[in-house]
Amino acid sequence: MIETSRSFFPVLAIVLVLRSFLVEPFQIPSGSMLPTLEVGDFILVNKFSYGIRLPVIGTKIFPVSDPQRGEVMVFVPPHDNKYFIKRVIGLPGDTIRYEDKTLYVNGEKINQEFIETIDISTNIGYLSGGLYNEEIGGIEHYTQLIDAATRQHSRTTWVVPAGNYFMMGDNRDNSLDSREWGTASEAKVVGKAFAIWMHKEPGWHLPSFSRNQRIK
């Protein structure tokens, strides 16, 4: 028993180091990042991409790079202590405008190419909408928008403070993000989501690897 414990300890130590400093798995609990991420997706987050932080206190001890527009990022928002995942839309100093379902970054309109008509799940049932191709920061990805008018946010324009990032979900009409609770602090960044490695439907379904892919 003692020998077994001793042989197991190095393996456990390696796992803890990997999870604390390099890669950590997360499960997607909501549809705010549809169609990019589905409920039940298990993703991998690179915690080294934006620098190494001390566990628990989160102090950065080894800077690597900064988040860039278009990247999908895990972070802790200012209004909650839970992990959130959204797309980086605005960098420190950027001016973000979102009005009539149209996004502008520093005065430049972010064009969306219509792909097809889809049904979008909401809290009042399914509504007709569209699937769009969008490019931000050189990263192409899909977004979805409801055709009908949706509630307007109290603000339409934001200036991103130093050391903060403006985050939005790809499911634009069904995402609580920086349009609601403000910007995400650099000190609360966890890492860059880079891959879906598994998917599991609710209930007693077995996990599936059919959605195994890189996140963009």
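Backbone N, Cα and C atoms are what each Cβ position is placed from, and that goes for glycine too.
Residues or ranges marked as domain 'Peptidase S26' in TrEMBL: 2-197. The active site annotation in TrEMBL covers Ser32, Lys86.
The separation of Lys86 (active site) from Ser32 (active site), Cα to Cα, is 8 Å.
When averaged over the domain 'Peptidase S26' (2-197), pLDDT in the model lands at 88.
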